[in-house]
């Protein structure tokens with residue numbers, strides 16, 4: 001055999017290359033077959049089949065194949081780098097560490113011709129390069145799954161679980177902050193009815209754009225870094241919004257805060273999935289979903305405990321008012337701040353580093369995961385056995401260069417333009433074959449589930465308020481044709497209507513008018529001092545020789561032709577006065593929301609425990625269909641208690657659909673497009689929320705048939721579409 005090898009080396013260069021190419025392919029096929037058999041039947045992990053194929057070519061000629069018995073002896077002695085330091089029981093000890101290994105593709109596999117001449121990537125077809133990268137990604141996905149299994153599931157994953165949970169909790173809080181502060185903020189800032197409702201829509205629009213932008217950026221820059229930027233942006237502008245006084249500035253702050261938090265959901269799930277093995281992924285991503293529910297419970301509990309308490313507020317003069325709802329906004333920003341601090345201590349996703357060609361950084365993080373988990377298990381002597389990791393072929397992208405002479409502002413906008421174009425091109429790949437059909441189904445499920453859920457979330461509290469308002473109005477006291485002279489009013493008037501009244505020389509001192517309406521009444525020579533009128537109006541009334549001191553009675557309260565003759569207004573209270581003293585309806589609405597969020601807890605636990613047993617698709621479709629059916633029974637709710645019970649049932653059934661959809665979406669995209677694809681789906685979710693708010697909100701108090709039928713039908717249809725999605729339970733992270 002040795003003589004034959006020596007004779008072959010004396011042949012002509014062209015013949016040698018031909019033989020070398022043939023032997024390379026033969027050796028590669030044999031090696032892969034042997035490694036597959038080893039993976040199936042051996043209890044020891046072997047990463048040799050992921051090593052570079054060029055190394056096999058060189059080894060074939062430098063070290064010719066030995067006799068059959070000699071080859072078996074080498075395998076038994078374990079001479080490869082991956083097994084150095086092993087003892088007889090295949091254990092490796094910490095003293096055997098030899099530094100960071102080289103990447104699996106340190107020598108890129110360039111195209112070759114028969115005579116061995118290299119062909120550069122620039123001259124190769126783009127489709128061929130994409131196919132080569134896809135093959136590398138499939139190989140990396142299989143190897144990465146084995147590596148994560150070796151790292152184990154332990155302390156590191158639970159630490160990251162808590163940190164990412166805080167970020168997801170912040171997203172849940174942000175969604176519900178809007179609904180809780182909306183009535184108070186609009187009253188406090190004297191928002192006219194024409195501008196009412198903008199706050200809810202503008203926050204969702206900010207979250208929609210943020211989900212698409214930050215999700216795409218996470219595929220280009222990194223999960224951890226972009227998540228830090230998102231959470232920092234949200235935390236800063238959320239705090240700032242609690243101090244601004246103008247409604248326009250407040251809207252702007254909440255818009256930017258929503259833009260920041262919009263990237264949390266796609267990045268959090270992408271990040272956490274990339275450090276989980278296949279058998280752990282469904283269950284632990286479902287447990288992570290609980291933090292969104294915890295954020296919902298936190299927001300509901302804080303709203304119930306803080307907003308109705310007018311005594312929590314303070315003021316600096318009459319111009320600056322810091323009411324209790326602003327305290328609530330500050331408290332709701334605390335989870336975001338905690339998430340930012342905790343994220344600074346966590347590493348980047350190793351799967352992302354491998355995707356962008358950073359082998360050494362990824363290897364060090366994987367080693368950190370392994371060592372952290374092994375120390376927690378009481379096995380610190382265990383050493384990370386991976387010595388080489390496959391890296392996908394890195395394809396160059398044509399990027400327009402910015403002139404060196406450009407100023408910093410133009411460079412900044414050029415960078416934004418370039419990154420936006422990159423996100424767009426990456427998003428378009430999500431709609432290419434063979435992902436197009438699945439992408440459309442995912443988008444349909446996201447839209448229908450969000451439209452029904454967020455639409456009912458807005459409609460239901462308003463229905464409760466409407467029922468309470470009807471009950472409140474049924475208890476109104478009506479006084480007609482009364483004549484009161486030389487009387488002092490120093491108490492609270494509530495839920496009353498005074499028609500055709502005549503008040504002469506009366507004094508209204510240090511009193512409150514709550515939901516009181518004066519119609520066609522006359523006030524002659526009356527004195528008003530320190531009067532607060534919440535929800536009170538004067539319709540077609542006449543004030544003659546009246547004096548107003550330190551009151552909030554001004555033109556917005558004097559409506560429908562009210563006349564003011566020879567009267568004086570001094571030291572009027574600025575701003576819209578608000579109070580929650582003895583406000584039963586405020587307490588009750590917040591308490592109802594709190595109960596609704598608590599009802600989610602059992603459904604969340606059940607979905608996490610059964611996610612891998614029942615399957616993602618069965619749970620997704622079944623949950624949406626059942627929640628649609630439960631929504632239909634809202635039609636028969638004629639009392640508050642019945643409506644509250646149906647709300648809790650609906651929330652408990654729908655949460656399993658959300659958890660399943662998050663898991664399926666995470667597993668449906670390759671690593672290079674996971675953040676972009678998930679971000680697009682989440683942006684569609686927020687768009688559906690805006691449309692649901694507008695549609696369902698416009699029907700409150702008019703009819704309940706259309707909202708109930710609409711929500712029920714879209715949920716059932718979306719559930720049927722979800723059953724046709726591909727099962728991702730057995731997928732490795734591409």
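Using N, Cα and C of the backbone, Cβ positions are placed for all residues, glycine too.
Residue ranges 385-403, 404-422, 423-441, 442-460 are listed, and TrEMBL annotates 442-460 among them as transmembrane segment. Of the given residue ranges 117-136, 137-156, TrEMBL assigns the label region 'Disordered' to 117-136. The feature transmembrane segment, as given by TrEMBL for the ranges 74-98, 249-273, 349-373, sits at 249-273.
Segment annotation: TrEMBL labels transmembrane segment over residues 195-214 (candidates 35-54, 195-214, 475-494). TrEMBL tags one of the stretches 9-31, 285-307 as transmembrane segment, and that stretch is 285-307.
In summary, the transmembrane segment (676-699) does not lie against the transmembrane segment (226-243): fewer than three C-beta pairs, each 6 or more positions apart in sequence, are under 8 Å. Per-stretch counts of Cβ pairs under 8 Å to the transmembrane segment (442-460) identify 705-725 as the leading one among 249-273, 285-307, 587-610, 642-664, 705-725. Recorded stretches compared: 226-243, 285-307, 587-610, 617-636, 642-664; the one with the most Cβ pairs under 8 Å to the transmembrane segment (249-273) is 226-243.
Tertiary proximity for the transmembrane segment (327-346) is limited to same-chain residues at least six positions away from its ends with a CB under 8 Å from its CB atoms, namely 159-160, 162-163, 166-167, 169-170, 173-174, 177, 180-181, 224, 227-228, 231-232, 234-235, 238-239, 241-242, 261, 295, 298-299, 302-303, 306-307, 312-313. Sequence-distant neighbours of the transmembrane segment (285-307) (same chain, 6+ residues past either end, Cβ-Cβ under 8 Å): 161, 164-166, 168-173, 175-177, 180-181, 184, 268-269, 272-273, 276, 324-325, 327-328, 331-332, 335, 580, 586-587, 590-591, 593-594, 596-598, 600-601, 604, 607-608, 611, 655, 658-659, 662-663, 666.
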